[in-house]
Amino acid sequence: MRTPATVVAGVDLGDAVFAAAVRAGVARVEQLMDTELRQADEVMSDSLLHLFNAGGKRFRPLFTVLSAQIGPQPDAAAVTVAGAVIEMIHLATLYHDDVMDEAQVRRGAPSANAQWGNNVAILAGDYLLATASRLVARLGPEAVRIIADTFAQLVTGQMRETRGTSENVDSIEQYLKVVQEKTGSLIGAAGRLGGMFSGATDEQVERLSRLGGVVGTAFQIADDIIDIDSESDESGKLPGTDVREGVHTLPMLYALRESGPDCARLRALLNGPVDDDAEVREALTLLRASPGMARAKDVLAQYAAQARHELALLPDVPGRRALAALVDYTVSRHG
């Protein structure tokens, strides 16, 4: 039965004792991050701690800690370091993304660029990357290589998104590739490092990495659906943000391929950023009624099935069941 004692970061792990151990693992990651970031010069501190103190889902540290439950040493100190490295990289990308997107709000608070300007936000993100690099050096050359490869994928995905879809590339294939690079790659690295440093077998580590990539892609698709389907800000941004910014997510791309009576109006609305609140509401209403939403949810279900296939081949231990609960949470939160 779901109780507060069994829930960690919104995910019902089913067992209060196991959940307490996982919660403690995530708390160790947060404590290490806090310790490392507070060592920065005071000229950095307010902007550097801005997003960290704003909270967030801590999805990536949670995935690291849960992946570590597959190995025989889930509480190894290196698992904590790996979780901190992954979350610092994630926070750094948020600072940089908000500058590129000119976002004004992040996690219910003014974004760093809105509060201090672009230069400060970029430098805060850079410092987070520097701190993550210093931490990962503790884990040895293989971990450094994994993180370097992940950096490359993150930047490639951002560049691919920034330059847009060329005429000879399918827009939906492009979208899914960008999501895998920008979101799936980092969660895949979380699974790989969590498995590695808990002593999981090589085969299990590879499976956890693949699982992370699939779950990361599903997580982003769910966020994109929430941005249209939800009346609240459960994705961490205002509903309709993607419409306002002119960002074409999976539900929009499918909706734009439809040929119903409302499609011409929807195409006109989604032709670029939408500033007018009434037009944002109109676009959201049309998107919610479009078959494109159902198609996007079908794709999300396919990724969930792929994740469950990977899970089924992991050992039947509490960690696997917890990862299955996380997959269910990822898919179900779009409502």
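Note that Cβ sites are derived from N, Cα and C of the backbone, with glycine treated the same way.
Quick look at what Swiss-Prot lists:
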type    : residues                    : note
BINDING : Lys57, Arg60, His90, Arg107 : isopentenyl diphosphate binding site
BINDING : Asp97, Asp101               : Mg(2+) 1 binding site
BINDING : Asp97, Asp101               : Mg(2+) 2 binding site
MOTIF   : 97-101                      : motif 'DDXXD motif'
SITE    : Asp98                       : site 'Important for determining product chain length'
MOTIF   : 223-227                     : motif 'DDXXD motif'
SITE    : Asp223                      : site 'Important for determining product chain length'
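Residue counts for the motif 'DDXXD motif' (97-101) under DSSP (helix as H, G, I; strand as E, B; rest coil) come to 5 helix, 0 strand, 0 coil. Across the fold, the C-alpha of Lys57 (isopentenyl diphosphate binding site) and the C-alpha of Asp98 (site 'Important for determining product chain length') stand 18 Å from each other. DSSP assigns Arg60 (isopentenyl diphosphate binding site) to a helical segment in the three-state reduction. A count of other CB atoms within 10 A of each Cβ picks out Arg60 as the most crowded of the binding-site residues Lys57, Arg60, His90, Arg107.
The least crowded of the binding-site residues Asp97, Asp101, judged by other CB atoms within 10 A of its own CB, is Asp101.
Of all residue pairs in the isopentenyl diphosphate-binding list (Lys57, Arg60, His90, Arg107), the one with the greatest Cα separation is 16 Å apart.
Put simply, of the recorded positions Asp97, Asp98, Asp101, Asp223, the one whose Cα is nearest the Cα of His90 (isopentenyl diphosphate binding site) is Asp97.
In this structure, the C-alpha atom of Asp223 (site 'Important for determining product chain length') lies 14 angstrom from that of Arg107 (isopentenyl diphosphate binding site). DSSP assigns Arg107 (isopentenyl diphosphate binding site) to coil in the three-state reduction, outside any helix or strand.
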